[in-house]
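**Student:** Structure incoming, see below.
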């Protein structure tokens, strides 16, 4: 039975939840397929996530391996294939709690970097799971800056082998997933040496464990890097190589080959490598970043209409905490951001698909723009969504802090997305470098890619809004965002030039501008996200209240961004103080409007209770019962040796005294 | 041997680290005592924190109980007493990882709320640990709003007992520390009923476990609430009462008594209760909030001079990451905040001591101000420091995400401080209520407490700064902070009055202003923190470079606050855009200055390696060796059943193919 405090929230939805779900999925057929996958996975006890919050790292790893192996069987049974329409829903349905994800990266790297012969040899073996692959790039002392990697691969013409070594401790491979305990093979990135000359970083297929008994191969030291904030189910590993020999054929050689006599031959274009990074950064947004935020919103908002605390009006019943303005101001902007970035993701996907088609025609022109946008948005979206999940957690008070709420694990997981696949600050600086370049070009009248043409059209006007309702006009706020992005980019560019002209060396000047360059990159992405949300919203069907509610969310997303960063808009007087007060008023008014649809808006994300795995967020809102039931199952409610060992001796002579 | 990249940072300190440590401790004698306690605790293997990151919740609990019991012995051995000068350093030396903290709260509540007879009976038993106490206030459905608690205590004149009950699931006690597995007794807060009339919340001593065999007493259901984000060593518990009878004497009766015939007698003043909350909020700042931030700064800053990544200048060695402006901009403001709030804490302690002396003279005049400041600063400092620890964690990239860095557990622990002892938003609104009241009074020419007299003296001037160096003048920036605090308070007050005058009901009007009221409360605290830092700094000895470096940190703290919140300062034109550009320039310049002393500034916090328990933060900076050594000890490097069960069957028929 549904908690009436939650049930009543669903009575008054201003729009069709089912239609909104279909919009998010990309059509009713997609919704149907997704639900079928979810149903198949969740009805299978092997995939159960029950007791997950009670498991040790070892237990989590074992469960993830069990699920990964079972998944092969399940896919076969269900007729799901890697190219089928179901595939993309499987990982989401498993909530990511499955092993061998790096096996896929192993395969992808061979497909992209390997010769036809290498692909023909390794891909079938990998597909049939006759080996378990990993991907060994990052080292203890080296992450982002690939050229700094220290692992060496020396070509030995005599034996036609590469000899791989870890010359010092900072060169030890560190972090690769699936490598700590599972993998039999890995792709090792190492500095290639031929006849004493270094040719830079190249990838080598290396067997690390016996296929017979899983023991480590000669010269290999490997293991698990130990506990992390999350990802307990993944065996992130370390790897130390001592004179490990692999045949010449094991260097992935689509782009570079070492011939038997040691001649180094470079062939084809390596630009495609950037494209791979771009593809990974875009593809992680949906499952790794948006899903956790959507789940956190679902949990926190459902809880906030069930939890009653204190009184709004004396003499009345205690109020639902979502009726407090401060609670709305915490949660509803996160909800708006989840929708906004869902549409941003669509925009990036579309751009990526277009880029992919161009590249197949050997046209690489779109690469710089794609790289800049995927880097910037990876950083901005992960950062924004991570902060959002933390806000949701804290907005649930003590119960949010319990693992049983599901929120701590969402937070500790999404936090990692700020770090992996490019540290965010570095990514934003790559976007900034692109912006500065385009700004210079645009200023000089040269053509620039579509997403940055606005940099050429600097307007020095003022925001034309006359009252708070004007700030519910997408033109008004989109223009304001654009103005800020141009101003921050141009002022960073000006500072950079001033420094260089005053004699500061180029790289020092760049470093002295980086704090402001990061601001410019963020403003650029924020502007595009707002603009894209507004444009997407305007094209939506007006039926079933969908466009209306999306308009409210778009407004909220935009106004929240201004309200939280007023200085950027006030700085040069584009927005006046009086207009900023209108923004505040319009923003606070919107909170009360969207609050009414808050529950239907999270219902539309369509998460099952199983996938939320939250005592606070379930569809029926029976929060307290569930917390109590789940707590009783905790291993901390088993008998502890602490009593016999420590408490009994302490208490043994009390009885006589009481 | 010290990593030379770290060692070189210590060569050039602009000040005496030892003198700064003494300043932080409050004198060289205090430093001596603290170090002696640390030495005694850390040399005792029972208190070891080795392997902590590998332990399960059960193991953590058992270790905490072992340490708590051993601590009694240790204190006796060392001649430490609860009133001695060593006492306050013990908890810090144990890094809080010890059981029976609620036992102290149990004792304090009896001392404060109990009659002389009750104190005489229970305190000696508790002091000798002949029982283990807890404190059962919070319920599943009720936290902040105490009047909403649902547990009942009905007086039965016939038997002269109170009958305690948990009428429904939301009334179940939930969260009390030490209650899940350890406590034999607890203080239960319940609604008192006599002859059918409710007299509100009162405290009752209830035995929950047998002293003979630790089994639950009749009518008691209790257990552990399960996994949390941190505090695995604490058995936070639940408690369900079913017709549990306690004698009339067990109601704590310093202020209220139930006489044998059921007559309810109220005596004395309950104002002291507010004072207790104030005392707890202030006392937690040092150990629970500042220490974690100081540790996080120590870890992240030491790591940032050892970690080299990418090149600042082409052709040079890879750069220390602390040499990047963006890294400085992440870490150094957190360092400045740690110092700033250390001095704020001193200010609050002093105020509290003064208030305590007044109260002993039956003068309660300082209570409202003390309550407002302790509430506001509890919220502002916990929020700021929690964000700071998160920034430190993220600034260490992947290695920060490993539990072995020590940063994840610092983060998950400090996060709780935003929630317990009053949820931060609610606390800020209490401060805001005080501010509005005082603003009204001041506007009407009435006297107000010292910390808010500035509200009366609204100045409508402009910031007088003419160049970026002017912003290194404490008068200039303190004045700017004051201006913002006054503006936000007065505009919130104006909005509130406008709403009420336009016919909105008082409580609705208040709710509609809460987002802005929270801003005002934060601005008030921020202003006082800046002002207090500046005043404290000006009084410091000028010898040994101490005042100079504190001046830099004070400037940085103040300018970072302006830089991060420019809108508040620009809004009414108090600060112009040109001035804001000066702030930015002065702020960025300061980063480069303080960067030079960053390592000595964290060395001054004087944490031992044992207490940091971090592979990244140790004094010698041998980061990679330590990560590798520690990882090898992880239980995840033991043989897993996953191989035999899942991997072997998968791989068994591969061999022939390779």
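The chain as shown is numbered from 1 upward.
Backbone N, Cα and C define each Cβ position, glycine as well.
Pulled these features from TrEMBL for this protein:
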type	residues	note
ACT_SITE	B:421	active site, proton acceptor
BINDING	B:138, B:177	FAD binding site
DOMAIN	B:16-132	domain 'Acyl-coenzyme A oxidase N-terminal'
DOMAIN	B:274-436	domain 'Acyl-CoA oxidase C-alpha1'
**Student:** Far apart in sequence but close in space: which same-chain residues, 6 or more away, have a Cβ under 8 Å from residue B:177 (FAD binding site)?
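**Tutor:** Residue B:177 (FAD binding site) has long-range Cβ partners B:101, B:102, B:134, B:135, B:231, B:234, B:235, B:236, B:237.
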**Student:** Using DSSP, break the domain 'Acyl-coenzyme A oxidase N-terminal' (B:16-132) down into helix, strand and coil residues and give each count.
**Tutor:** 84 helix, 0 strand, 33 coil
**Student:** List, in sequence order, the same-chain residues at least six positions removed whose CB sits under 8 Å from that of residue B:138 (FAD binding site)?
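**Tutor:** Non-local contacts for residue B:138 (FAD binding site): B:173, B:174, B:175, B:176.
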**Student:** If you average pLDDT over the domain 'Acyl-coenzyme A oxidase N-terminal' (B:16-132), what do you get?
**Tutor:** 95
**Student:** Around residue B:421 (active site, proton acceptor), how many other CB atoms lie within 10 A of its CB?
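**Tutor:** By my count, 19.
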**Student:** According to DSSP, which kind of secondary structure is residue B:177 (FAD binding site) found in, if we only use helix, strand and coil?
**Tutor:** coil
**Student:** For the residue listed as 'active site, proton acceptor', which of the three DSSP-derived states applies: helix, strand, or coil?
**Tutor:** coil
